[in-house]
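Undergrad: Here you go, one structure.
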Amino acid sequence: MAEWNAFYHNEEDEEEQEEGEQSGGEYYKITGRDSLVFLVDASKEMFIKGEDGQPSNFDMTMEVVRSVYTSKIISSHRDLMALVFFGTEQSKNPRNSFKHVYVYHDLDEPGAKRVREVDALRGEKGAQLAGETMGIGGETSLADALWCCANLYSDIKLRLSHKRLMIFSCRDEPHGGDSAKDRLARTKAGDLKETGVVIDLMHLMKPGGFDVAPFFRDIVSPPDDEGDLGLQLEPCGKMEDLRKRVRAKELKKRAMVRINLCLGEGVNVAVGIYAPAVAAKKPGPVKLYRESNEQVRSKTRTFHTQTGSLLLPSEIKKAQVYGTRQIVMEKDEVDAIKKFEDPGMILIGFKPMEKLKLSHHHIHPPPSSTPRRARSKCSEKNVFAVCRCVSRRNYPPRFVALVPQNEELDEGKVQITPPGFNVIYLPYADDLRTLDTPRCPWASKTQVDKMKEIVTKLRFKYRSDAFENPVIQQHYRNLEALALDMDAPENTEDLIMPKVEQINQRLGPLVQDFKDLVYPIGYNPENKPGAKRKTAEAGGGADKKPKVEVTEDELRAHVQNGTLVKLTVPVLKDACKKFGVRTTGTKKQELMDALIKKTRTLRSSI
């Protein structure tokens, strides 16, 4: 019989967790693939260079497409992507049904070959290649381009969980005011939206400004929820702005789990728990068959130890040894023991925000989306909600704090902080431990003030996205160079390491002042201790140095300023003998404690 694993999962939970890790969520189970189609304008206006040598809109678009290709290969290599140009002289699409539409990449998984093909379209040589291959500045019909993209989706036999189409253009009126073509484009865009395709506009800079109202406001899809930014009015003029906007749109906001929030008897509100940030990890090794280089999939089978026959799932039981007796349980009994209640949240009450301490942040779970009115009311009253939460089937109940969080946008109107509630899992009493802190000398007020000056000088605004994992970055750079036949990449800069030169410039003489206050005279932590000198009787060098005596005034100053630690052990022993301080220990800390205690009781004499 199989031993009952004490870990809080069964086989079904482990399988779901393995699938959920591929999508970056612990609870989410993959139900299909994402798909993304880049629909790029190939008009002559897209190839005009910017001011002061800035790249053209076409170059910026190809750079972003390449960035999304490479990121998809790393994060979600099973997703499907396509690259389509409209407004070209040449035509290339299934059955060539649409003129001036060039399908550069069909809807398929991204790979190294596609990345190299997109690289060939960048720069001046890329513009020349685009003109020779597709021809630029042809007749424009956005309706035909949207129809062609719809056919790309219909030809896919796989199950698609999310379908998105991004339009890149610098023309707010691509048809030049032709009302018939505009009407056909709006009609076809409506058909795509009815089939579940989300249409976004990534409009670029043009002379005179880009006005989205006349034509594109009826083309793009409305925002799904309050967390979606919808249509941006300002065009993208910089590469970084375009990259941020595409990154914010390309990923589908999936809930790891959807549960009910019970506000009272019979009052339930459906909420979803999301993960705004997931820890990046190096992918695990993949087993390959050495003869065909195909991926090997392993399966687990359980056999009887005596007969060797294959055991069915119904024949496998769980067992746990208590004392000398083995307790055998059926699978249904084990599941019933693990189940406390159905997944959901139950509101217990509200508490002021100052009651939530830093020590209550037991772990760092994701925020959950809740009604806008509830979030705004909690923010106004500066309170947080306390709930009992069961996030998933067979999970134990936990007490959580729902902390309101308002939406924050950057200068480019890209979302930095999503709206919702941060779910803080509160610790149980057993999770809080009392540590026996080592006894250390208390810092004096002078030392504390000096350290405050140092902390003030080194203070900066922390951003988690400003520090990348150098090991993971170097790993993927090496893989990219190997797949694309590139030269060996340079070593990744480790942004986690402190910038010593900049720190020294900011602090100036404060470091040395602090060392003088804390460390003994002549102490240098960077130098290794020298070898012990031999005594004069053993044939060594000079005799021992004479002891340094401390006067009463000097000792009184050391005690008041907290610099008693600067004195050596022989000096402290001599001071104890000189002032009649009795001590049974010989360690430096014990001698200092005895002197300080004597000073407090006989302050008038020392």
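Each residue, glycine too, has its Cβ placed from N, Cα and C.
Feature list, courtesy of TrEMBL:
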REGION    1-23  region 'Disordered'
COMPBIAS  11-21  compositional bias 'Acidic residues'
ACT_SITE  Lys29  active site, schiff-base intermediate with DNA
DOMAIN    308-443  domain 'Ku'
REGION    525-548  region 'Disordered'
DOMAIN    564-599  domain 'SAP'
Undergrad: Taking the domain 'SAP' (564-599) alone, what is its mean pLDDT?
TA: 74
Undergrad: Reported in the order helix, strand, coil, what are the DSSP residue counts of the domain 'Ku' (308-443)?
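TA: Counting residues by DSSP class gives 30 helix, 50 strand, 56 coil.
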Undergrad: Over the span of the domain 'SAP' (564-599), count residues by DSSP class, listing helix, strand and coil in order.
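TA: Across the domain 'SAP' (564-599), DSSP assigns the residues as follows: 25 helix, 0 strand, 11 coil.
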